[in-house]
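Below is one structure, written out as C-alpha cells, with a few remarks after it.
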Amino acid sequence: MNTGIIDLFDNHVDSIPTILPHQLATLDYLVRTIIDENRSVLLFHIMGSGKTIIALLFALVASRFKKVYILVPNINILKIFNYNMGVAMNLFNDEFIAENIFIHSTTSFYSLNYNDNVINYNGLSRYNNSIFIVDEAHNIFGNNTGELMTVIKNKNKIPFLLLSGSPITNTPNTLGHIIDLMSEETIDFGEIISRGKKVIQTLLNERGVNVLKDLLKGRISYYEMPDKDLPTIRYHGRKFLDTRVVYCHMSKLQERDYMITRRQLCYHEMFDKNMYNVSMAVLGQLNLMNNLDTLFQEQDKELYPNLKINNGVLYGEELVTLNISSKFKYFINRIQTLNGKHFIYFSNSTYGGLVIKYIMLSNGYSEYNGSQGTNPHMINGKPKTFAIVTSKMKSSLEDLLDVYNSPENDDGSQLMFLFSSNIMSESYTLKEVRHIWFMTIPDTFSQYNQILGRSIRKFSYADISEPVNVYLLAAVYSDFNDEVTSLNDYTQDELINVLPFDIKKLLYLKFKTKETNRIYSILQEMSETYSLPPHPSIVKVLLGELVRQFFYNNSRIKYNDTKLLKMVTSVIKNKEDARNYIDDIVNGHFFVSNKVFDKSLLYKYENDIITVPFRLSYEPFVWGVNFRKEYNVVSSP
C-alpha cells in the first residue's frame with residue numbers, strides 16, 4: 001500500500017461516513033497493479049478491515065476503463081454488496097460508469113455461463129478487457145465456479161482481485177488454486193505440496209514456498225486493523241493450548257448413545273456429521289439417521305422415555321432436564337445470569353435447528369415472530385427471544401439482522417439470542433454482541449476466527465470498556481479432565497483416537513494451524529509498501545476524504561484559509577489548481593459531517609466558507625424514485 005497517503009492524515013476521525021486511510025492507500029496499490037500493470041492481486045486483509053469498501057471503490061475507479069464483474073458467495077451477501085455500493089458511491093467524489101459494473105452471486109454467474117452443465121465457451125468473449133473481483137475467494141475452488149474462473153483466466157487473459165481474510169481454509173490446496181488463478185503459469189500441485197497419510201500432513205514444501213514468492217511477488221496486499229478500538233475478549237473455561245475451552249461432561253445417557261454412534265463409525269468420525277450431532281445432543285434413533293425427514297413424519301415416536309417426536313416437534317421433560325446435552329445444560333444454566341446479546345454458532349442446521357428450537361422453547365425462551373416459550377423469561381416487559389439462521393433463510397435474513405443490530409436492541413430486548421450455522425461465518429457484521437458461543441467445533445480455525453470476526457470488529461461497539469465473552473464448548477466423557485498444554489503430547493494416533501470427538505477435533509485444528517500460520521507469515525512478508533504521490537485516478541477521491549476530515553473540526557473558516565490550502569496542495573502541488581479545487585467544492589456544496597452541525601453542505605458566505613446543516617423533508621406519502629439506469633449498478637441475484 002502507499003504509505004505516503006497514510007502520512008497525509010493526522011488523527012483521522014472514523015466515526016463519520018469516511019474512507020479510512022489504509023483503504024485509500026490500498027486503493028492506490030490496486031489501481032497501479034491491476035489497471036496499470038494488468039496483474040492480479042490477493043487482498044489478504046484480516047476480517048473487519050473493510051475489504052468490501054476497498055473492492056467497491058476500486059470497481060468504481062476501474063469502471064472508467066473496463067467492465068468489472070463482482071462475484072459474491074450468495075444472494076444475502078449480494079444484498080450487502082449492493083448496499084455498500086451505495087455507500088461507496090457517496091464517498092467516491094469522482095466520475096464512474098455504473099453500467100460497467102456487474103454484481104452476481106456465484107449461482108447466477110454459473111447459470112449465465114453454463115448450458116446443461118457445460119461451459120458456454122462462445123459466451124466468454126464478453127469478459128474480454130474486463131476485471132474480476134471475487135469475494136471470499138478461498139471458497140470458489142473445488143466447484144464449477146472455480147473451474148469457470150480458471151477457464152476465463154486462461155481464455156481472456158484478464159486480472160483478478162481476490163478478496164480473502166483467510167486464504168487457507170483447510171489445507172494449502174486452496175492457496176495452490178489461488179496461485180494458479182493469479183499467475184500466468186500452470187501450477188503442478190504435486191511439485192509444490194507434500195502430502196502425508198493425513199490431511200494435517202498436507203504441507204507447502206520448499207519448492208512451493210519459492211513458487212509462492214516468485215509468482216505472487218508484488219501481488220499481495222496484507223493488512224490487519226489495529227485492535228485499539230476493540231473490546232477485550234474474555235475466553236471462558238480451562239486452558240487448552242493457547243486458548244480456553246469449557247469442558248461439558250456428558251451424562252450417562254448422552255455418553256452411552258455417543259459411544260454407540262462412535263463405534264458405528266469405527267472411529268473414522270472426524271468429518272461425520274453424526275458426531276457433530278451427538279456431541280451437541282443425543283436424540284435416540286435420530287443419532288444415526290442421515291435423512292431426518294423420514295423420522296420427522298413419525299407420530300408420537302418415543303426417542304427416550306421422557307422425550308418424543310411428533311411431526312417434527314420434540315416434546316418431553318428431557319428438554320428441561322437436558323441429560324441429552326451437556327452443552328445445552330451448561331448454556332441454559334449460564335445464560336440466566338447474563339446480560340446483553342448472544343451469538344451462538346452451530347453446524348448441521350437440520351439436526352441442530354431441531355434441538356435448539358425445542359430446548360429454547362421448553363426453557364422459557366420465545367421464538368422471534370414465532371412460538372412463545374413455556375413460562376417465558378422477560379426483559380423490559382417483553383419475552384426474551386431467539387432466532388435460528390440457516391442457509392435456508394434468504395429473504396428474511398436481512399430483516400432479521402436489521403432488528404438484531406438496531407440500536408434499540410443493544411440490550412437484546414428485541415432479539416437476544418441469534419443461533420447461526422455456517423452462513424454467518426463470512427461477510428456479515430453483528431453489533432453489540434456480548435456473548436459468543438460455539439456449540440460445535442468449527443472445521444478450521446480460520447472459520448473460528450471468521451465467526452469471532454462477525455462480532456468483534458471496529459465500529460460494532462459503543463462501549464469498548466465492557467468485555468466480550470467467548471465460550472468454546474466441548475462435550476467430554478464424564479471422567480475426562482485432561483490438561484492439554486502441548487501438541488507434542490499427542491503425536492501418536494493411539495493417544496488421539498481415545499479422546500472425545502470435540503477434543504480430538506480441536507487438536508486436529510491446532511495441528512493444521514501451525515502450517516497455516518507459517519504460510520500467512522510468508523504472505524505478510526510479501527506485502528509491499530511504498531511512498532509515492534497518489535495515483536492520478538484517485539486524486540479526487542483522496543481529496544474528498546481530506547476535505548471531510550478538515551470540515552469535521554472546522555465549522556467556519558476564511559475563504560483563503562492557509563490550513564485548507566496547505567492540505568489541498570499536499571495532493572495538488574500547483575497552488576492555482578488547488579484554489580480551483582476549493583472553488584469547485586464550495587460552489588458544488590460538498591457534503592461533510594461536522595462535529596457541531598452533523599450533516600452539512602459547504603457554502604460561501606461573504607469571505608468565509610461555512611458548513612450549513614440540512615435536513616431532507618418531504619410531504620407525507622409522497623416519494624420520488626429515480627430509475628435512470630446511470631444511477632443503478634447493473635446486478636443480478
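Quick reminder: no glycine exception, Cβ is built from N, Cα and C everywhere.
Among the ranges 135-138, 271-274, 391-394, 627-630, the one that Swiss-Prot lists as motif 'DEXH box' is 135-138. Annotation note: Thr52 (ATP binding site) sits in a helical segment as assigned by DSSP. Other than the site residues His45, Ile46, Met47, Gly48, Ser49, Gly50, Lys51, Thr52, same-chain residues with C-beta atoms no more than 8 angstroms from the centre of those residues' C-beta atoms, the ATP site, are Gly165, Tyr223, Met225. Counting every protein chain shown, the number of other Cβ atoms lying within 10 Å of the Cβ of Gly48 (ATP binding site) is 21. Per-residue pLDDT, averaged along the motif 'DEXH box' (135-138), amounts to 84 for this model. Neighbour counts were taken at the CB atom with a 10 A radius for the binding-site residues Ile46, Met47; the maximum falls on Met47. The local packing around Lys51 (ATP binding site), expressed as other Cβ atoms within 10 Å of its Cβ over all shown chains, amounts to 24. Counted with DSSP, the motif 'DEXH box' (135-138) comes out as 2 helix, 0 strand, 2 coil.
Taking all protein chains in view, 23 other C-beta atoms sit within 10 angstroms of the C-beta of Ser49 (ATP binding site).
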